[in-house]
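J.: The ATP binding site annotation in Swiss-Prot covers E247, R254, R269, E299, F339, R414, K420. Marked as active site, N6-AMP-lysine intermediate by Swiss-Prot: K249.
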Amino acid sequence: MRYLELAQLYQKLEKTTMKLIKTRLVADFLKKVPDDHLEFIPYLILGEVFPEWDERELGVGEKLLIKAVAMATGIDAKEIEESVKDTGDLGESIALAVKKKKQKSFFSQPLTIKRVYQTLVKVAETTGEGSQDKKVKYLADLFMDAEPLEAKYLARTILGTMRTGVAEGLLRDAIAMAFHVKVELVERAYMLTSDFGYVAKIAKLEGNEGLAKVQVQLGKPIKPMLAQQAASIRDALLEMGGEAEFEIKYDGARVQVHKDGSKIIVYSRRLENVTRAIPEIVEALKEAIIPEKAIVEGELVAIGENGRPLPFQYVLRRFRRKHNIEEMMEKIPLELNLFDVLYVDGQSLIDTKFIDRRRTLEEIIKQNEKIKVAENLITKKVEEAEAFYKRALEMGHEGLMAKRLDAVYEPGNRGKKWLKIKPTMENLDLVIIGAEWGEGRRAHLFGSFILGAYDPETGEFLEVGKVGSGFTDDDLVEFTKMLKPLIIKEEGKRVWLQPKVVIEVTYQEIQKSPKYRSGFALRFPRFVALRDDKGPEDADTIERIAQLYELQEKMKGKVES
């Protein structure tokens, strides 16, 4: 199958904003895809090469890419760089370079999707001495044979800057449409395996029956079950039917651990493989998890010198560290508090009641200095739960989680079977979709940022306000450097950006607002932290903001409970 067909799909997707049309375009394309291509083409459609949980990365930035294109076309790298000032898009500039390339290959062959994918895999797997030169050569071979349109989208795939508006929800619907299967079965299979390639192949070859049989798989992370916020302990108990399990809500980073014999893999909430960053936790898990095979979930917490928990950003620093890991182990010691078990020795526990999963967790974990089972309390009494809540806060934790005793595990769902109780309104994780240049001494830096909430149905990010406070001068330098390559268009002092970067913000309140399509605006938002443990699709949704608005009004006594 020619790569040009995929490039033409990208072009059509980019030209329409209608979700149904995009879904139909992707579905029609998937129908034509050979069976042996289905495992990787869904990722290419998303503008990616590998699933989020795959450790492999291309490791190719703009300079390396331009070098490869210069080698393939005979056009000077500086000329390509200058062209970006006119086009505003490196993909467009590379397409122009390919269009007027000065050298032709006598052995040129049309690009196939399989060749492109296999070459990108080879690029990702090339490491060590001389790897940069090899990567340039592999990519140059592709651009040598590429049509201008192919070159444009190949460049965007390599840089991770595809702008076709295809998100997980749309791809899910397209798979269901293409192979005439139930969308809820596609959703379920994806939530259990986080692998669209696998799900698409099952949908085509085995239909609804095959999708219904999909189960948890070791080595493929399960989408995490999420919680809503409760107004109080009393409200949480009422929602849970009068009795609930309360456990400490730790201020850390959620992780999912897969054990297969002596092999341990740890995935972040974003489903990224963070195993190498936390070797001491991996070793402790080998001793702590008794079964041969298991999947458990917990919260990784950084511990200060006084034994109290540090803010979650310290854990993220551990995740980001690629070198001098032993040094970081001493500076930022970690502790893992486990709170759920989803799989044991070939048996999925997804459909098992929470109370039984908790008992199993306690049976299969041999606690040690680094690995604990989250402290909990099962009660019907508000007073007991409130005393536990007070103690959790005094210990430096965020608050409590309340869990329905008969709740099954619902991957990817943020329902009311799990509730969090905190002393303040929940902060929001939002995507930066635009920015405005500063003034005076900050004229060369972005001074404020336009915030977007995710709409999973359309894949869009809808504006909910602008944040300019809470940033240090160093923050603004870093954010400007990070965001400049993501500029899509400029309108005076305002720029619009590819929705890639997630930040955590606090705010005074959520207001209803006709000014924004989202219908909501944040009053006095303030920057708290960069959330590079989250991707754009992990950001808070419009629905979530609506829920928090209702909760806020309930707390103020304006809305009947």
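Cβ from N, Cα, C; glycine included.
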J.: Do you know offhand how many angstrom separate R414 (ATP binding site) and K249 (active site, N6-AMP-lysine intermediate) by C-alpha?
T.: 16
J.: List the residues of the same chain that sit at least 6 positions away from K249 (active site, N6-AMP-lysine intermediate) in sequence and have their Cβ under 8 Å from its Cβ, in sequence order, or write 'none'.
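T.: In sequence order, the residues whose Cβ lies under 8 Å from that of K249 (active site, N6-AMP-lysine intermediate) (at least 6 apart) are A392, H397, E398, G399, L400, M401, K420, I421, K422.
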J.: Taking the binding-site residues one at a time (E247, R254, E299, R414, K420), which has its Cβ surrounded by the most other Cβ atoms within 10 Å?
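T.: Sorting the candidates by Cβ neighbours within 10 Å, the top entry is E299.
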J.: When you measure from the Cβ of F339 (ATP binding site), how many other Cβ atoms are you left with inside 10 Å?
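T.: By my count, 24.
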J.: Rounding to the nearest whole angstrom, report the longest C-alpha distance spanning E247, R254, R269, E299, F339, R414, K420, listed for ATP.
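T.: Overall maximum Cα spacing for these binding residues reaches 19 Å.
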J.: List, in sequence order, the same-chain residues at least six positions removed whose CB sits under 8 Å from that of R269 (ATP binding site)?
T.: P224, A253, R254, V255, D533, K534, D538
